[in-house]
Each structure stands twice: as structure tokens, then as C-alpha cells.
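Worksheet: the structure to be examined is printed underneath.
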């Protein structure tokens, strides 16, 4: 069946471009429960890679270990060739629940990463204003998070991650807490961002359509324990309008193919 | 149906006025007025020989302010109260925050403060007098003993309930442990810490009044004791009510301070 599909590659370890993030033999136990088992993955620089899988497959755990927020039980993560021991300036995290400080304005929230680094106030505010404008929130600098909608809050979270100018953006289901229209708008913005920023995006999602729509590469995880079951490179034309892409044969076939693979996990 | 669609001009003006605007202050004053009215009636019946009407109490209050006795009494009472509250606030917040951050501190201190909060600490006041005599030390201690546990336990819970996602956010941007505490933990815990401080201050007021009634009659305690003993009930009630109002105003003032300093985003709501 997959052979009939146009150009869907399945390669366990592609090595064409430089890998900015490498995951080697990564396992994670929570007590006696094994969340992830011996994960080996490469993340090529400049790509948008999705981690996709059924709930409980450990995709967020994997992302947090890449971020250095969780300690692996075994194995290692390398970022730009260096072993990860904790969070680092070359990685920035976008949180599912936004993680905005409710007592701080949008401006301070966006500048917070720079504030922690000790960047002078004028300089970090200038940078923050630029990224606030980039995510389309110009004019909201002095507002507080509770005055914003869910979608706008996530834009603040995104601007904060962009402001520290990291090479790798780690996004933990960033669009799951926003409504469908906002979500689609976000996906467009993400694709735009990927074109203008020379960054690597690692993106956790549980939505097949979302993963296929935005990704250069999809890592499909199975669960109990979480393992890499497939790596898919959707060959979707990027030059059409969103509607054309969503009706494109290759887009639909890829979604269907992944769904076939995931069906077995639905209980 | 008819009375629903009454045109505006048939509704009395004051009803429209009351229904269309926000009159929080008005309602608060009305509530106080009702209370004073009920008191006045109860005092005029009288339901008890020892209950003077509101008007008489108010006149006694004015008299005591004018002859300086009330002001003098407050000057005496406030000293141990302020010292005690200052000590409890600094010590209580530090211990509580430390307990929230470090398991060692939690294991060491939590049982002590949980027992202290549950126990009727007022019963210790005679013991404090026995050890420290009847001076300032005893009164300050009485304030601390009542105020400290509630401040400590609130701070501890506040730090424990800090949003873990914000802490992870701070870590992901390479915040140091110190930055994490100063920029995330304390601000996020501040509403609960301030709630603890407010409770601590009202407990401190209880402590100082108890101390002044039980240890040696000075200040407010002296005024209450003296006027009761010579059956000046109006003066006695005036003193009691004044300390209640004073305590309430102080606690309310602290809330304002909190909103201004720590929660700029809630200023308009409150």
C-alpha cells in the first residue's frame, strides 16, 4: 500500500544535511513505567519536524528532554554536537499552556528571556517590540495576558521564544489550546515564520492534518513504550493556497497513510 | 407584561439612578448605617443595661478623641503591635518561603507551625508573662505567637502552589535558581502570601488586645478594663469598636499595597 503512494520516504536515519539535534538511545522511566524506549533520531538544521503520535506515547517527554527540562533515564541528546545537560541558549521552548506571567505586561513577558540574561532594559524592550510586531501583536505591548484571547497569548509565548534568537524552537502542542480558526491562521504563520527565520522547529502535535500540513518531516511514535515507528517526509506542494494544499491528492494520501498506521493504537 | 414595559419616565428617578450605576461605596455605607441603626434601637430599648445606644457610644468616642485618652492609648498599644507584626512578617515570610523551597526546612518547621496554628495560643500568654514578665517583650511575643503560624503556613502553601509551568518556563530560558525565586516564585505566590499577612495582622491585633487585657492593662486594654470597671459602658464600647475599625482599615490598606506593588494587572478589577 505505501508503495503506491507518491514519494513518501521511510528512512530511519537520514544524513543528508547537518543535524542540529541528535537523539541517541534515549529512554525514560517514570517509576516502573517506561515512557520512551531507545529513541534514535536526527533533526536536520532548518527543518520543521513534527513529533506525532497517540496520547501517552511520550512525545512531550521527548521534547522536554531535548529542551533539557527533563533528565533522560538513559541515552543522550546532542545539540550542535554538544551533550545536553540542561536548558541552553540555542533552544527556546513554546509552552502548551503559554506559561505567561500574569502580573507582567506583554512587553515584559516577551522580553523575559533577555531579562534573565541580563540584557539592558532599553535593548531588550527594543528586541521585544520587534518580535511583538512580527507575531502581529503591535499595539498590545502594555496589555496584560488576561486581557488577551488564547490565540493572542500563544503569540506572546511564540514572540518570547523568538526574542532570545535560539536556533531551535521547541513547541509543545502550541496550538491545542486555541480555537480552530486561530489554529489554521497559526499554521500559516508558522509556515511563514519558517520561511523567513533560519531556524529549526521541533513541533509536538496530536493532529495528523496539522503535522502533514506544516512539516518537512514527521516522526511517528508508537506507545507503551514510546518508540519511533516511522519517519515520513510529506511531499506537499508549498506554492498553492491553503485550500489547494488541503485538497491536494498528496496531502490527503499522506494524512490517510498516517491514519492507517495510527488506527491500531485507538482503543 | 405592562409593568415590565413601563417607560423610563414613570420609574422614580432614584430607582433608575440606583439601577444604572455602580455604587459600591453607597451600599457599603448603607450596610454600616443599618448596623448603626440596629445598634441604636437595641440600645434605646434597652436590651441590656450595659449596652449603650450607638449615638451615646459615638459621643463617647468623640469625647475620648478630644481629651486625648484614646490617642494616648493607641500610642501605647501600637508600639508592641507594630514591632510584633514586623517581626512576624519578616520571619514568617522567610520561614514560609524557605519551607516551600527546601524539603529540609519543611520537615523541620512544618510540624511546629501546624501545631501552633491548631492550638489555642492565647492559653500560652500567662506562660509568656511568667517567663518574660509584664513588659514590652511579653506583649511583642503575644503578637508573634498568634501572627507567626498563619503567616508561615500561608507562605509555605503559596510557594508550593506556584504554577509549575512558569517555573519550567524560567528554567527553559536558563534562569538561575535565584532568578526563579525572585522573578517567578515570589510574584506568583504573592496573593497567598498577602492573604497570610492580612490574617497574620488580624491575629496580631487579637494578640495585642489579649496581652493588654491579660498581662497588664496598658493602652487600649487599659481603656477597656478601666471603663468597664467604672461602668462607663459607652466609653468601653467606643474603645472596642475603634480597635475593630482600626484593624479592618489596616488590613484593607495592606490589600491596596499588594495590588499596587505586585499585581498591577488586577488594579482595575479590585
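Any Cβ shown, glycine's included, is placed from N, Cα and C.
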When TrEMBL marks a stretch as transmembrane segment, which of B:25-42, B:151-168 is it? B:25-42
Give me the stretch from B:25-42, B:81-101, B:108-134 with the greatest number of Cβ pairs under 8 Å to the transmembrane segment (B:54-75). B:25-42
Which residues of the same chain, at least 6 past either end of the transmembrane segment (B:108-134), have a Cβ under 8 Å from a Cβ in it? 95, 98-99, 141-142, 145-146, 148-150, 152-153, 156, 206-207, 210-211, 214-216
